[in-house]
Amino acid sequence: MVQRKCDQRASQLVSVIVHPAAVVDADGRILAANLDFKGLTGLHKMQCVGADFCAVLSRVAKIDGTEALRQVLAGEGFEPVSVEMGPGPFILNLDVMEDDDLGAHVLCQIIPDLATDSTRLRFLLEHLNQGVWSFNVPSDKLRVTDAWRRMRKIQPDISAYIDPKSAPWLHGRVHPQDRAAVEKMAADLVSGASETFELEYRYQTMEGDWIWILSRAKVMSWDDTGAPLELVGLDTDITLLKDRQVAQEELANKFQLALDVAGIGIWEFDSATARVNWDDTMLSIYGLEGQENDQSDNLWETYLHPDDREKNTQEADKSLEEGRDYLGEYRIVRRDGDIRYIRSMARFLADGEGAGKLVGVNLDVTEDHKRTQELEAARQRLEHDSRHDALTGLANRRLLDETVEDLLTRLGDEDSFAAMHIDLDHFKQINDTMGHAVGDQLLVRVAETLRTLVGDDGLVCRNGGDEFVVLLEKVTDEADIARLCQRMIDQMKEPLILQGHRCHVGISIGVALAKGDSTDPSEVFINADLALYAAKSAGRSCYKVFQPDVQTTSHSDVSMYVDLVRALEDCEIECYYQPQFDTRTLEIIGAEALVRWNCPQNGLILPGDFLPIVKTSGLASRFDEYVMNVVLKDQTRWANAGLEIPTVALNISFDHLMQPGFVDQVQSKLQPHHAISFELLETAFLDDITEDIAAVLAQMRAAGIPFDLDDFGSGHSSVVALQAIKPHRVKVDRQLVAPLETNPAQFHILEALTCVASLQGCGVLIEGIETQTQLQAAVDLGCEAVQGFLLGRPVPADEFAASLPASALRAGA
């Protein structure tokens, strides 16, 4: 009973003490302790009563508890000592107390060391730039610390107090936009309307710069009426924080602007909760604008394109399992059916519990994909165009070379292949007379025909102009090539109707065969060219297969043919003019245009050295047109110089004459000052006068275009044929004139020919006049004109022009 009463008395004693306290008996056993003591010393309720006080004191206060207790009980007194315990500094005080119930005991009080704590707090506040202030409401006095003054760059003052009424700058330096809020805050605290406040505002220091202040305050005491007596506050300079915040906001705004402009959507997937979160841009990308953000984990999979779903979901799952970043590109199908291309990137963020989340961005790259497709299509078109002819769609020389190179890598030693060189007959005349549109259409039709006939057995290539090349792989039977060539020739003999024009065109084909992968492809194509030349020389519209003997006899001819084509393109062919004279007056009445080749490598080449190649290679028509254009240009120059324009005779080939639209083509070129005639070779025209020939000659007569019959008397012409042709003039061959020097009877032969021509109404020109005897014979025969070295040799255009008289119009002027 006595012990219970002692325990109750000790408990009552410590319960009224506001700081940690305990009652200890003379043996050093704790009789009672309040909750603060238990909490500070770490003793629980069951451990506290009866615990060894000296041991506890030694443990938590780091002092000799036994000695301290002895001193107190011995009456030696105990000087309070400052100790560090747990949350801060304390004052340990031990007092001996006598109580009737308890007897001699010791009261232990652990009192917070407010002075030390305050000094520490002040030090920390000062060095942390925390300005402390207190405001006494009744006296209207403001007490501030030095840190508060430094914050505002106010000069230090001996007095810690400030009279707000005598310091108008106190609120006057608050930013105008923040002043109302600061004044309301102060008024609410002073009036008691608010017990605490927290406010950020801008303040202009005494040096003129602006700072941000975070001010927190609390009412600390009230009077009996409940009115505030004292306010305590803490001001913090948060300028740097605000600057960083502004910078971060600006950066965030820029980042958001960039995201918005770029259309980048942000998403997050939490593997622990299997939930997703999309921002507004993500919803917009997926066509879900204005809809609530569906948090289900299958939201993404719902819109994945079926063909892309499995691959990308597996890749995303793998990223989560392995804890790595995710990168993918896929298609989505929006609700409206629109298919978009998405590029997705995500960073894996671990949560420390074995799971994690993917935080990523989506970018709609549909337009980029379209541009990429367009660029790829353009690249493929360019690649295709670089290997194909724009007009016909056939392979060009580049693709042909690549195909040959590839073919040689695949051929075995015994494998054969063939090259066919194809040239259109009379294409240039069709192109010039009927127009380039018809010519282009003709090339397209020929290309289609060749492609159809060759099929998958080879490559058809347009080599430029009207030339085509066919490459046949793995030839096993030469007879097949022969049949293919003949089908091509037969097919092209059929007339074509192009833009209302009926066109006849033939083809000549040269074929070269090669065996094995060691073949020189350039040699194969040269051989095909030689074979083509042989086909043209054989009369065209036929094919020839290259034979080794062809190479030895024709290589130089092919080389000259190539050089002649270049000569026409480079205008190396020049016209020389041999004058024609009136037999009676010996005045110039005309001229014959004769060609010379002014070759840069070999000098001036006479026609006898190259005209045979022209006639057999298919260049005759092109030469005829070239010469006519040169003559017309020369006559224009002479007319502009005020000279009389003599009629110039032009040699014309049978092929050129029989080209469709020949007469129309000539008429389109003639101007009033032009004067030309054509010389038709008797041996070419009198063998068989067909209706087509007669029709062309009739058109020439109707158009007023004169034509002469050249080499008259050298062939087996007949009076009937002469009657059918009705030339403007006949030109007696020089072979009939030369014998006059040694055989006077030759005069009678010439007389007979002249008589026949005169009876048909034709004029007579004797060429090859080289002696006075020959000239006198021409006079005696009554011929109207003569031509020969005796009177004038062929000369260049300018030299010939110097011999021309001034025109009557110029002379009259």
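Glycine is no exception: its Cβ is also placed from the backbone N, Cα and C atoms.
Taken from TrEMBL as is:
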DOMAIN    197-250  domain 'PAC'
DOMAIN    251-323  domain 'PAS'
DOMAIN    326-377  domain 'PAC'
DOMAIN    415-548  domain 'GGDEF'
DOMAIN    557-808  domain 'EAL'
Handout entry: Cβ pairs under 8 Å between the domain 'GGDEF' (415-548) and the domain 'PAC' (326-377), at least three
Key = no
Exercise for the section: Give the residue counts of the domain 'PAS' (251-323) per reduced DSSP state, in the order helix, strand, coil. Expected result: 40 helix, 12 strand, 21 coil
Completion exercise
DSSP puts the residues of the domain 'PAC' (326-377) at 12 helix, 29 strand, 11 coil
Exercise for the section: Using DSSP, tally how many residues of the domain 'PAC' (197-250) sit in helix, strand and coil. Expected result: 12 helix, 31 strand, 11 coil
Handout entry: Taken over the domain 'GGDEF' (415-548), the model's mean pLDDT
Key = 85
Completion exercise
Its residues classified by DSSP, the domain 'GGDEF' (415-548) shows 64 helix, 42 strand, 28 coil
